[in-house]
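Engineer: My questions will all concern the structure given below.
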Amino acid sequence: LSHQNSYMTERKANAHSVVECDHVRKEVSVRTGGLADKSSRKTYTFDMVFGASTKQIDVYRSVVCPILDEVIMGYNCTIFAYGQTGTGKTFTMEGERSPNEEYTWEEDPLAGIIPRTLHQIFEKLTDNGTEFSVKVSLLEIYNEELFDLLNPSSDVSERLQMFDDPRNKRGVIIKGLEEITVHNKDEVYQILEKGAAKRTTAATLMNAYSSRSHSVFSVTIHMKETTIDGEELVKIGKLNLVDLAGSENIGRSGAVDKRAREAGNINQSLLTLGRVITALVERTPHVPYRESKLTRILQDSLGGRTRTSIIATISPASLNLEETLSTLEYAHRAKNILNKPEVNQKLTKRALIKEYTEEIERLKRDLAAAREKNGVYISEENFRAMSGKLTVQEEQIVELIEKIGAVEEELSRVTELFMDNKNELDQCKSDLQNKTQELETTQKHLQETKLQLVEEEYITSALESTEEKLHDAASRLLTTVEETTKDVSGLHSKLDRKKAIDQHNAEAQDIFGKNLNSLFSRMEELIKDSSSKQKAMLEAHKTLFGNLLSSSVSALDTITTTALGSLTSVPENVSIRVSQISNMIFKEQSLAAESKTVLQTLIVSKYFKVFFKCYSAKSSKTMFSVVNQGCEAASSEITEKLNGHKATNENQRNIFLGQITTDEGKLMAQSLQLNETIKIGLTKLNCFLQQDLKLDIPTGTTPQRKNYFYPSTLVRTEPREQLLDQLKRKQPELLMMLNCSENSKEDISQHKKSHGKDKENRSINSVERSKVEETTEHSVTRSRLPLRAQINL
């Protein structure tokens, strides 16, 4: 269950609302990202959700009425009020007393849960005709100490002690806690005022009357029932209404020194309550109930047999976002606690009397202990005087109270009117401040957008300049590509023509090669035939020369032998004869020169020997004559043999010459045949070169070699960071030009004097500046940029 309540301090701080309540879906949405971020939010779902416009009666009917019915049925129930200070916890639980006491619990607009509950209890039980009694107690837990706010004693510092209930292991007994019986509904406000007078309060920055303590208002109802058998039973129902201290942190509460320590103890008890809730939700084996007195008193209400509801009050203001989220998380975790409510056992009259008797005995013991203390005693006269004085003072008090009531009523009416006007004024101020903030934010965004526009226009101009340069380069490249494409097509035509000619020549060469191979094959055969014939002829010549030489050698050997035999008796003219013979031999054996030379040498040597012998024997003439005769005979014989040999050699020479002539004829015939074959081959070769082979005839379409001119490098746009740096360096010149443009339009801004008009002037100046920029844009040739970007260029 969530309830939100706004207050004036938040309005004065110009805080905006961050909480949205959906009553149908029972959801609370909290924006966590501020005004600019609408998407960051947290959503919590509860059993019931109430907005700031919800009335007290709506909360009571939705939350308390079902619980009160269960209390009357005999259950123990508890209602918490948890939240930040100033969000309406105490107002929700106690409310305020309306000046018109004739209001019922349903019609009273300011009454809280406690007076409405007691009013309805009396109304219901009275209508049912049930015999009942209602007792209430008001316990304060302040700084981890217990105080009874309904104790009639004037000692407000009296502390109570707490013990475990032996009859209920989850319950506690508070020694000395006063229970007051309420007889009618009108006594409720008296009881609350009595408790408020003793309740400890302390000022904080958030609320001047913020409670720094926890209060537990307990209502115990005893109802009498009669069974069918006539036995009287007592049914007991108990309702605990808990108003917890503020859940804000120490820094936000504004408490210092002692109050800060007090806030720390209060937060300690709330932290313990949070740990108890967490332990119950997570179902841990140990639940830290005993770490604070608040959790010990509420032990049965947390995870026990009590029906429990929590009213979480939050602030919708943005400055309380942290506490609001903490409260919602706290309540959302507590929602998961599972209690097991059990109806209280109905007591018989005898058991109740026994219980009352034990209570009377306890009170007697307390009374005896009180009587043993030292008291104050006065005389009866003084007592009567004091009583009379008190009666007069009471009457004066009643009159003053009535006057105060009238003044308070008038003050309430004026205060209500004042608060309404103040609320409207604060709302207008808040709206004005919000609009001013929105306007400043919008102007800031506008300036940022203008700066981004200038940067983008500058970068766009640089990109357009680069694009133009690249377009020119691309045009030149396209022209060059068209020319080269035409040249390449001409070259391809020439290559195709060359290829066709080469293919034709290859085919012609193939045919010509085959014919030439056959021709050379025939020539090879002829050459082989001629070679074999020449070889046979050389063999025949060799044989002839061999025979001639062998016959010459044999003839020379014969002649030599004959000469050697004849020289013994050769006279002194042997030398002449030998010389003649030698000459004859040389003439006849021209082809055997070597043999003749050897023979001549031998003859000469023999001749000299003989001549030497002849001269050595000069005295022997007989011998000379004999030798002369022998030489003549030998010479004649040699001459005959030489003649025969000459004839033989002449005959063989003639044969050899005839053979040579025959071979010469054959060689001439072969040479003529080879010459004829060579002529035929040359003729075919000339015919092949002149007729069969094709030549490339120039057509005049082949492109001439030329140099192509095209861009070797392309223009590149500088990086974005460098362009922005250039823009920043040229920013003073831009501002000067813009100031000049603004000065020319000062006559428009002079008619505007108010603050709102000044803002309007700024918008007009921005419009005029844009007009000047547009005019400058049209005046600059070949530029699409406004003035502020052209200056940067």
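One-based numbering along the chain as shown.
Each Cβ is built from the backbone N, Cα and C atoms, and glycine gets one as well.
TrEMBL entries are annotated by machine, without manual review.
Residues annotated as domain 'Kinesin motor' in TrEMBL: 1-337. Residues or ranges marked as ATP binding site in TrEMBL: Gly83, Gln84, Thr85, Gly86, Thr87, Gly88, Lys89, Thr90. Summarising the annotation, TrEMBL assigns coiled coil to 346-452. As annotated by TrEMBL, region 'Disordered' applies to 743-793. Annotated compositional bias 'Basic and acidic residues' per TrEMBL: 757-780, in sequence order.
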Engineer: Near the Cβ of Lys89 (ATP binding site), how many other Cβ atoms are there if near means within 10 Å?
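Structural biologist: So the Cβ neighbour count for Lys89 (ATP binding site) comes to 29.
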Engineer: To what whole number does the mean pLDDT across the coiled coil (346-452) round?
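Structural biologist: Summarising the coiled coil (346-452) by its mean pLDDT gives 79.
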Engineer: Where does Gly86 (ATP binding site) sit in the DSSP three-state scheme?
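Structural biologist: Reduced to three states, the DSSP call for Gly86 (ATP binding site) is coil.
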Engineer: Please compare the binding-site residues Gly86, Gly88 by how many other CB atoms fall within 10 Å of each one's CB, and tell me which has the fewest.
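Structural biologist: Fewest other Cβ atoms within 10 Å, among the binding-site residues Gly86, Gly88, is found for Gly88.
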Engineer: Any idea which of the binding-site residues Gln84, Thr85, Thr87, Thr90 has the thinnest Cβ neighbourhood at 10 Å?
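Structural biologist: Counting other Cβ atoms within 10 Å of each of the binding-site residues Gln84, Thr85, Thr87, Thr90 gives the minimum at Thr90.
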